[in-house]
Amino acid sequence: MADYLMLASIFVSFAGFIWFYTRIRRPIAAGGGTNNTKSASVATKSTSFTGECRSGDDSDVIIVGAGVAGAALAYTLAKDGRRVHVIERDLTEPDRIVGELLQPGGYLKLMELGLEDCVEDIDAQRVFGYALFKDGKNTRLSYPLEKFHADVAGRSFHNGRFIQKMREKSSSLPNVRLEQGTVSSLLEEGGTIRGAIYKNKNGKEIKAYAPLTIVCDGCFSNLRRSLCNPQVDVPSCFVGLVLENCRLPYENHGHVVLADPSPILFYRISSTEIRCLVDVPGQKVPSISNGDLSNYLKAVVAPQIPVELQDSFIAAIDKRNIRTMPNRSMPAAPQPTPGALLMGDAFNMRHPLTGGGMTVALSDIVVLRDLLRPLHDLHDSYTLCKYLESFYTLRKPVASTINTLAGALYKVFCASPDKARQEMREACFDYLSLGGVFSNGPVALLSGLNPRPLSLVIHFFAVAIYGVGRLLLPFPSPKRMWIGARLISGASGIIFPIIKAEGVRQMFFPATVPAYYRGPPSHPPPQ
């Protein structure tokens, strides 16, 4: 029966995708027009770009931000011989409640960049898969790691410790200058970014120049509007707690509770601490100051979590060390600008439910490194900008798969009064519980080990077909047939808008995009 449903799902998926592709087109992101209206974060120089300005150009690359993306990028480019100037607003250890779980696919990218030792000596915990909990049932899903080196697994840790190790590693290279400062704007002349204006830790305003400026200043970026057309969505907020003196039901696994109204996450971030993230739909959470949030957590959330964690959960609430953070989603919408590039969460975000953000960022850095390696000079900004348009296509297989999966899973995992959505949620849990190809395929997508968009679409509609099959067997009724039809329609309504936002052509047919074949400039630009 399972094999039959799988074959049927493949047929329906291909048919649905062909129908969708013939009706929806999206302009190629890399081929978008120039930004005619620049925001206030770009400072336009009235004088021409002369030798006087060039005298401050002692770097090949300026990187704004030294988080995961910025620090990793600085080390990568410097290792290839570039002179890198990193400007970070605050060089003290960050204290965040996200960016704490690195998927195995992200760890492989970390190894490829030579940064795998950054997860050592920070009490990082190995992660071998996930455990799902729903209505008293649970199932364990393991990463398909059989073909990889024994060291390959997910890692969970304190985000700040990881970032400090990355900063130390990058600043250990002699051609990296890591400086504390606040970038207020980018320097522009004639449509080309020439560098950045920042205030150092002493409050002195400085103009820094480089042929390439890469903005990696995170999800709260105040510079991204200069370089893209951001469409930021905030579907929910995370409420973060740290649980102590308890054990997870499945150690070395992330835990996802399909609760009402939305998922709850647990994963270990040190040998003694467990991170809990409670998703609260909407852009606001109950007030912390008057106790509404504590009451909500105790009355609504606590009864739904595994009993092994309830006492520690209540104790964490009573400590009142509760943190909140909005969950942002933003498709990559680049406006190629000579002399500048966006990376990391400043460029592209997805719901953090699947822990895919660092994997996407590290994968993007690998793509960019490989594109820049053949270039000895970066001063021909327009030629470089045209060449780097291929970056937006080459990053798509990994980025679009992880982005789409995160958005789709979040919507499926949220509770709903709609019967069809309830059936989809139940079908997803039971489908993953089947094991074998039914769990290995989706988990390989989630982990970044097999980021193939078509595989994602096939498995997503396989879940929908599986749900319809459960409704119609053993005897279909008009009511069940109607719910089944709405289930398929609802599944399409979840995934197709996300795919459209990601870019159908770049996501599924990247080889048809001209920039895909764009090679490095054949002749070095004039000095």
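Cβ atoms here come from the backbone N, Cα and C positions, even for glycine.
TrEMBL lists 6-22 (among others) with the feature transmembrane segment.
As annotated by TrEMBL, domain 'FAD dependent oxidoreductase' applies to 60-90. Long-range contacts of the domain 'FAD dependent oxidoreductase' (60-90) within its own chain (CB-CB distance under 8 A, at least 6 residues past either end) are made by residues 99, 110, 113-115, 162-163, 166-167, 169-171, 173, 175-183, 195-196, 198, 208-218, 223, 343-346, 358, 361-362, 364-365, 368-369, 372-373, 378.
The domain 'Squalene epoxidase' annotation in TrEMBL covers 210-482. Summarising model confidence by region, the domain 'Squalene epoxidase' (210-482) averages a pLDDT of 95.
Taken from TrEMBL, the feature transmembrane segment covers 454-473 (among others).
Secondary structure counts, DSSP: the domain 'FAD dependent oxidoreductase' (60-90) has 12 helix, 9 strand, 10 coil.
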